[in-house]
Amino acid sequence: VTVPGRSGVRMDCGERGSRAGPGRAEPGRGPFPAGSGRTEAIYQVFENVAKKYDVMNDSMTLGIHRVWKDILMHKMNPCPGTLLLDVAGGTGDIAFRFINYVRSVRQRQLQRKLKHHQNLSWQEIFDSYQKDQFNSLGDSQVVVCDINREMLKVGKQKAQHLGYSEGLSWVLGNAEELPFDDDKFDVYTIAFGIRNVTRIDLALQEAYRVLKPGGRFLCLEFSRVSNPLLSRLYDLYSFQVIPVLGEVIAGDWRSYQYLVESIRQFPPQEELKAMIEDAGFFKVDYENLNFGIVAIHSGFKL
Amino acid sequence: METHHLAGSRTRDETHRRLPRLSHPAGDLPRSSMEGWHPLYPGHIPTSPLQKALLAAGSAVMALCDPYRHDMVAVLGETTGCLALPNLRDKMKNHPEGYRILQERPRIRLSTLDMARLQGLPDGSLGREYVRFLEDNKVSPDTRMPPKFVDDEELAYVIQRYREVHDLMHTLLGMPTNMLGEVVVKWFEAVQTGLPMCVLGAAFGPVRLSSRKLQVLATELVPWAIRSGLNASCVLNVYYEQRWEQPVESLREELGIFPPPPVRV
């Protein structure tokens, strides 16, 4: 799958700054100005951090990012047979959780089925095992789409290492111009990625386009802390500690400085909700986690 | 130093207005959010005292845990050198040759060195032995980290000079770049410069050495390094680029470095 030119790179809690080229005069948000330069700059960021990504996430959030992603999965509550598109899903955190989730749901489904079949003969029970054995995911599938080759590479390696193979696809693609047809997916997720997209509105429109009617949009992203005391502590930690962690662990101060600044620049909960509604989604809502440090936005294509 | 103010109490609009804009066409990295703090030299990252303290602690731990993280040693040097670096700079200022170095700011880099000419110099000369050292140990003068966290442009040059002259220290002391050789050079540098990073490196470097090497280190090499370091004049006050033809022995004598003990390192 080819990558159509522009931005839409995901960033989780780790990023790395790099040389930004000259940009078009487009209204930009964040420390990198908009334009072709921004895309390349962000691309290089992730190219460099890909290997240390997960380590940095764990260090910066003290492992809490895992909980956030688990909560996202529980909110999604996918049933077997769901087709998930995880955009900016680089290293596969959401995809692996999805697979685990549907696998366990599927297990319970099979167990319940078995309970109802207790009057069957041994042979019939054995035959039903054979049939379902190769369907541990119940036809669920997840497509991991990311603009950055290095991130996908790390994700694929992780998948191999952890033993994930079926139901998983890796696609190189741009959130602002997805390489998929209309009305294809049941769920669209973007976890810590939408912040790095230059044209968030385009990404949201694309999300709307590729979702089936009835499909769900879920976005997990850093957001605004409204509590003033917590906000000060959060700022202190963000600006003082996180770049230091970046320098010490990944040898890269700039990226993590950029990370912290880009979080502050990102639209707060209500504004993002409005943008999602503008893209055509209904029943748009958000849930704050940890007092607004992150928020999960949800919407439906009806 | 101005303490930076935190983003917390500002409105979002204010934040947006104040965040740095990328104006340079070649594309600088986004600057630190330290309002009003501008980079003093290319690569400079302004840091608050808290950040420096965290960096010093973090880099010390990381340098110990992963000896291949040379960048951490560099960061440690920068964040702890706030007393030693001005000292060094003053020593340089008060010495005619050192003063010239501060004025002219020579850099030791492959692009500035005439390697062919240095190789052609007679054996025993500084230039020839320096090139031999680079070749034998497969090192290059271009791998030195540029300073990032020094908040003074002149001091940044001083620490850069110290880093670039390090290989010449190896040459003058006759020490290879294995762990033992590096520790010996660190002892010498610790005495010469007083940089806490050198002191820490000298003190903790030996933990990874075998007992046999430790013995050699303790009985012969370190005492010699300390004596030489104390006796020698400031090694940063030597304009090495103008002394390639000078024999190493002669330079050692001039500086006051004693001949190395006859030990295989």
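From the backbone N, Cα and C atoms, a Cβ is placed for every residue, glycine too.
If you check TrEMBL, you get these features:
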type     : residues                              : note
REGION   : A:1-36                                : region 'Disordered'
COMPBIAS : A:19-35                               : compositional bias 'Low complexity'
BINDING  : A:Thr91, A:Asp146, A:Asn174, A:Ala175 : S-adenosyl-L-methionine binding site
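Feature map: TrEMBL annotations on the structure.
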| residue | record | DSSP class |
| --- | --- | --- |
| A:Thr91 | S-adenosyl-L-methionine binding site | coil |
| A:Asp146 | S-adenosyl-L-methionine binding site | strand |
| A:Asn174 | S-adenosyl-L-methionine binding site | strand |
Quiz prompt | A:Asn174 (S-adenosyl-L-methionine binding site), number of other Cβ atoms within 10 Å | solution = 26
Quiz item: Of all the Cα pairs drawn from A:Thr91, A:Asp146, A:Asn174, A:Ala175, the residues the record ties to S-adenosyl-L-methionine, which distance is largest, in Å?
Solution: 16
Quiz item: Given the binding-site residues A:Asp146, A:Ala175, and counting only Cβ atoms in the protein chains shown, which has the most within 10 Å of its Cβ?
Solution: A:Asp146
